[in-house]
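Asker: Sharing a structure here in structure tokens format.
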Amino acid sequence: MTTWTAPLAPQPVHATVTVPGSKSQTNRALVLAALAAAQGRGTPTLSGALRSRDTDLMIGALRTLGLRVDGTGPELTVSGHIAPGPHARVDCGLAGTVLRFVPPLAALADAVVEFDGDEQARARPIAPLLDALRGLGVRIEGTALPFRVHGSGALAGGTVAIDASASSQFVSGLLLCAASFTEGLTVQHTGAALPSAPHIAMTVAMLRQAGVDVDDSVPNRWQVRPGPVAARHWEVEPDLTNAVPFLAAAVVSGGTVRITGWPADSVQPADNILSVLGKLNAVVSQTDSSLEVRGSGSYDGFDVDLRAVGELTPSVAALAALATPGSVSRLSGIAHLRGHETDRLAALSAEINRLGGDCTETPDGLVITATPLRPGVWHAYADHRMAMAGAIVGLRVAGVRVDDIGATSKTLPDFPRLWARMLDASLPDGEEHGM
């Protein structure tokens with residue numbers, strides 16, 4: 001682990017930032033490219049793909065399944081067939097997309113594929129997806145990592161009911177492979193309110209872009225017809241969730257940050273992100289190719305339902321902790337975060353309170369009363385979003401040390417350098433922040 005002193009922003013931050021490609025879109029595109037190649041449709045390609053631990057784990061998983069992925073940077077080519085060798089083992093690391101998108105793909109192999117990952121990943125929810133695959137006739141050993149998928153070379157498909165209240169990725173994982181099932185697939189969500197619905201919308205949009213027929217006209221029900229998956233070129237958008245900490249720097253410092261490449265029409269939950277920023281006295285300006293946020297440096301507490309965009313919670317909690325002293329913020333709709341890379345609600349409460357803050361867990365979220373914070377160690381829990389949240393707090397509080405900034409390699413390996421470059425752009429000539 002690499003301890004990192006979060007740099008202070010003693011003056012307004014004014015910078016232009018370019019963030020790499022979307023993790024969510026990259027890993028979905030890789031799965032769809034693998035399916036197209038396996039169907040013999042051609043050679044799909046990706047440009048702007050994110051290269052990080054999560055996406056490299058997905059590339060490794062596809063190679064384990066017998067596919068070929070060429071390219072060392074953001075330009076990738078996928079070819080080959082689903083034909084794992086003996087003793088095939090997929091390393092999921094801590095990547096939820098690998099854990100939940102690849103088992104349905106492995107079910108199409110005529111082989112046994114073992115799945116395992118980081119110790120923390122063994123606590124991440126997966127049983128509902130495995131049960132759904134069993135309901136479709138797949139033989140699976142285990143109910144959590146490590147587990148084995150006994151593929152038979154084909155899958156009939158049909159109809160499956162699943163409780164995806166713990167993770168929308170259960171639904172996405174099934175939908176991504178459904179067109180390759182003999183009968184297609186109908187997925188019915190049967191549980192409580194579905195979290196991260198925009199990520200299922202992203203999956204549906206990308207399936208349609210690949211020529212797959214998807215009917216999502218009935219709430220909580222998705223029907224995918226069997227058929228070809230196009231071997232197309234995927235242009236990956238910048239990761240808008242990873243852009244949020246940089247936009248937060250404008251909010252807390254009273255500066256202006258512009259994100260380049262912000263799409264005018266996105267498959268990511270852009271509208272949800274803009275809605276959150278609108279609660280923080282921020283002025284948001286958007287063009288066809290960028291987004292600019294001008295912060296006031298001061299804002300009151302706020303109420304926000306983050307069910308659709310739970311990934312934003314650590315950054316939003318950090319912003320709540322830095323609001324006008326005495327103001328109260330309520331973050332709701334995020335009970336499912338207890339099953340993310342770490343229990344994010346417990347982790348955020350512990351770290352904010354460790355620095356002298358006032359954060360209380362509720363059944364489905366957090367209540368944060370802004371109080372002056374003190375220097376100290378901010379623990380990342382091997383969680384990229386937690387590490388970035390510590391960086392946001394450090395903009396306003398001198399002496400905050402993130403105990404594992406390397407956790408950001410999960411989705412943004414260049415985070416420390418990008419963060420320092422953003423702050424350096426606001427300093428007088430000749431001065432710079434350390435990385």
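Heads up, the Cβ atoms here are built off N, Cα and C, so glycines get one too.
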Asker: According to Swiss-Prot, Lys23, Ser24, Arg28, Ser167, Ser168, Gln169, Ser196, Glu311 bind 3-phosphoshikimate; so which of His14, His150, His340 is the extra one listed there?
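Answerer: Checking His14, His150, His340 against Swiss-Prot: the 3-phosphoshikimate site match is His340.
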Asker: Excluding near sequence neighbours, so keeping only residues 6 or more apart in the same chain, what lies with its CB under 8 A of Lys23 (3-phosphoshikimate binding site)?
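Answerer: Long-range Cβ contacts: Leu50, Ser52, Asp54, Thr55, Thr97, Asp239, Asn242, Thr411.
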Asker: Pairwise over Lys23, Ser24, Arg28, Ser167, Ser168, Gln169, Ser196, Glu311, His340, annotated as binding 3-phosphoshikimate, what's the top Cα to Cα distance to the nearest Å?
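Answerer: Value for the max Cα separation, rounded to a whole number: 19 Å.
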